């Protein structure tokens, strides 16, 4: 009993969290200041100097952005913080997705001037999908135009969340020196010279405003928390301990988002952010047990170190010293030498060294227990998303979904002698990043690499060049087109009859095909009287799915289709599941050829920030790329243009924008679905 109590006390002090943000909101700088404040580093790392701990990959330092999710561990106020710094660029959303799957909480960083930005919305939705509680940090308060209240309102309106602002800034822009803690009604002021923070009473000039805001905070909490409401009604105020506990409950339940503020670059606001991580975000004991399945049955595992071992692989990385597998331990205990089961692959692996992670540096530990995030050496084949369990108690966990890959390039080794090494390098690349895919083009024989965007593929190719010393030739990017049904057909009869001297094949099917907006594929059987037995209906559906792989316009995948099986016929001897699967495939292929088909192209929402004197040229360029401008807003001395542009029109746009704005413009994108293409492009295939 005593040992279990000690283990639970240890788990109660663990925080597994991610740092999420739109690109350039200051996420990596926040991470660096956390490491500095907790004593992991003794010098503040800077993105612009290439000296950050978490952006340790050469490409990250060259480009000045986070590309790969990096894990670090640190300690604050007796708590262990396992922190993952995630990418902010839309092309690397898959890294965020895999990280969120194993996190208990998150800090979302907002630019104090820009507020909610497109990728902020994307990562917020990802966190919603996995039920990850989060707190907000409004960064860059030392910048002109920074406004905590405006950011809080954008959180309310655009993210449909309830912001609970617990700090009042002291000073504005360059004069920002500290904050008022509205929970404890104390001031925190940072000095410029030595990074120290001094706590004191609320400045007299801010006292009335601080009291007003503290009252608003307490009223907002009382509306949502019964114990806080009870105290508020009895005392006309909520005590700091009760308010802290209520804020924690609202955060963990997702009913509220605690909002803090600061300037990470100037190292202001980091200590209270660390305090808030401990006070408001959940420990592994506070989150619901993780659910999984086995042979159709649902099971769950709570964060109990004495339960059977269960963990999820969320990242694989090949280093100079070997393969490292990043693992979240959900339950039980694992030691070096233990045999674990890769449940999905149905094979066993042996645990090698267990490492506590600090970006690209590692410290070996003897054991990993429930709640830990560690790296493991020695696993030969477990891929990202693999469920690892005690062989006697297997459970298969849901892994992160992979979005559609929308851009492809043809790649090959320039030297024929490197062909085998090149193939191995691509295989390792896909193993580390499941959002990439490699295939051989059936018509040209070329090797095609597909991913989430132009930058994603640039990084992948450069990784092959740097890590494997290969000279790689890269073709022009191509987008992933889709085909859909604009007008379908009814009553298409297809007879599949085959006799080759042995067992025959016989299957008749009648299909109705129509559009299904908003869906990939919908199948329905309206057969009556058993004319197509139930066991064959599933085969027809499988055959239809086979046919959707290549449409009649250009061999692109087909989406947005509803197929109804209305009739059919069987033969007492020659009908089989195989025959009906073939019939379903060929029938739908014929039906699509008879339908009115439309080519769809991937679209992107683009936010372009440019100087006011460059707006005309930028708008003209967007129009030439078939872009549709939906909004423009003046922000300080710049203009922010929102437009929807075909993804194919954005290839090379970064270079063009730099040219038109003399290097003063910037843009970000996010997927915006598919839209009809004006005609079948010559590059469609």
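All residue numbers here begin at 1 and follow the chain in the order shown.
Glycine is treated like the rest: Cβ placed from N, Cα and C.
Curation does not apply to TrEMBL; its annotations are automatic.
Of the listed segments 644-664, 665-685, TrEMBL assigns region 'Disordered' to 665-685. If you count neighbouring Cβ atoms within 10 Å for each of the binding-site residues 21, 141, the highest count belongs to 21.
Summarising the environment of residue 86 (GTP binding site), the number of other Cβ atoms within 10 Å of its Cβ, over all protein chains shown, is 28.
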